[in-house]
Amino acid sequence: MAAPKPEEISHPPMDQLQGLEYCIDSNPSWGESIALGFQHYILALGTAVMIPSFLVPLMGGTDGDKVRVIQTLLFVEGINTLLQTLFGTRLPTVIGGSYAFMVPIISIIHDSSLMSIEDRHLRFLSTIRAVQGALIVASSIQIILGYSQMWAICSRFFSPLGMVPVISLVGFGLFDRGFPVVGRCVEIGIPMLFLFIAFSQYLKNFQFRQLPILERFALLISITVIWAYAHLLTASGAYKHHPEITQFNCRTDKANLISSAPWIKIPYPLQWGAPTFDAGHAFGMMAAVLVSLIESTGAYKAASRLASATPPPAHVLSRGIGWQGIGILLGGLFGTLTGSTVSVENVGLLGSTRVGSRRVIQISAGFMIFFSMLGKFGALFASIPLTIFAAVYCVMFGLVASVGLSFLQFTNMNSMRNLFIVGVALFLGLSIPEYFREYTAKALHGPAHTNAEWFNDFLNTIFFSSPTVALIVAVLLDNTLDYKDSARDRGMPWWVKFRTFKGDSRNEEFYTLPFNLNRFFPPS
């Protein structure tokens, strides 16, 4: 038997991911785009419901308060997504709520001056105003780093090798949002996981009128089937004698969102009252803004690949971070109870559907704004059990993580140096946050526990984030360990042409501002 040729056992690196039906600036038909946009809206509901459902009761809020926060968060998500896709990076990314802000927000909730308020509603209002003030001040970090192009300068220290752990852990770092949540109600979580994989992968070639309907709309179809199945279990009394926690995770009528939602309610700035400002709260929140910036940087790189675009040039990435800072400012003004970041699950959906169209994401932003104002209808969709979303996350987060690993094709993985950097950054990126989580669960406070609360919040927030730890480790090692003689091994000859807007002719197609705005903001 003849020895295989080199081209038969290796695959040439590709600037753009192949196999997508629609890339960033090609669009499906209007009907298909609307259905796909609605699918992205449904997926974004998971995080938009999870964060307020956890935080609002801790603040003393009622179900009515929880519904208003969810509506406000979705409304601002829609605005931020439109701004980002029009004027920011212009990548097809949904800008959603961020878990990175949980540590400083929980610290604000447990502030002794707020906990001492006996009236629950007054404590809720006082707490959300304190969070608003901290978000407004902290948003200046991303606004300054983005619009001053300082983040573009920082990004020049990034290489394909250094980005692999960061992008991978944007997905892998969210493992606790996946199967651990599915396990809270396996009778609906596991069927959802199997059904979604079956429709999106094994039955993807099934076509109806030349449309691969099962692959394209696997999320909508499987959620509809399992939601109906969960409702059947609820109506038949299957959970009547189960513990309260099981009922909350499995039943379709336990969220109390529909009954608490108004028919029509338009969120508006300062709806909770005037924000209050505290230096300690703001410093802690600044760490979350930095974490959000790093996680979004990894997610933008992943989204560009899943939209079959080239990696965003440094100034485009910085421009997107600036607009994301504006999004956090809007969150502070409206009172969303959390900051903004790229929705990782929606980035994964680009790959699952093989549709990376910008128009689809803009339509999903329209659904967010529309249903956030029509309270009852929005609450109906938001009452989907969170276990169903967690099953989808198992696939979406994994898909985004694998995109990060795909950047290894531009590096030399026969280099001991590269193996060391990638391995150590991935391991510490998972291990350090896990230590911080376990310590906090046992001691009820983070490992950083001094008399300076702002310092504790800052350190605990930074090291709770897997992509942030990975970036610190990978970029530090990559730029200090034999870096002068390893440019080719790191993938820099491929990477360098995407650093500037004019470095590659395709950048103009993907990242030029609309309405001829590049005349006023010339690319660098």
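Keep in mind that glycine also has a Cβ here, set from the backbone N, Cα and C atoms.
Here is what TrEMBL says about this protein:
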- 38-58: transmembrane segment (TRANSMEM)
- 91-110: transmembrane segment (TRANSMEM)
- 122-145: transmembrane segment (TRANSMEM)
- 157-175: transmembrane segment (TRANSMEM)
- 181-199: transmembrane segment (TRANSMEM)
- 211-230: transmembrane segment (TRANSMEM)
- 321-339: transmembrane segment (TRANSMEM)
- 360-382: transmembrane segment (TRANSMEM)
- 388-407: transmembrane segment (TRANSMEM)
- 419-436: transmembrane segment (TRANSMEM)
- 458-477: transmembrane segment (TRANSMEM)
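In summary, the transmembrane segment (360-382) lies against the transmembrane segment (38-58): three or more C-beta pairs, each 6 or more positions apart in sequence, are under 8 Å. Among residues of the same chain six or more beyond the transmembrane segment (91-110), those with a C-beta under 8 A of the stretch's C-beta atoms are 24, 40, 44, 47-48, 51, 54-55, 58-59, 73, 77, 80-81, 83-85, 127, 130-131, 134-135, 174, 177, 281, 284-285, 287-288, 291-292, 295, 299-300, 303-304, 307, 309, 312, 320, 324, 327, 336-343, 346-347, 350, 356-358, 360-361, 364-365, 446, 453, 456-457, 460-461, 464-465. Listed stretches 122-145, 157-175, 419-436 were compared with the transmembrane segment (321-339); the greatest number of C-beta pairs under 8 angstroms is found for 122-145.
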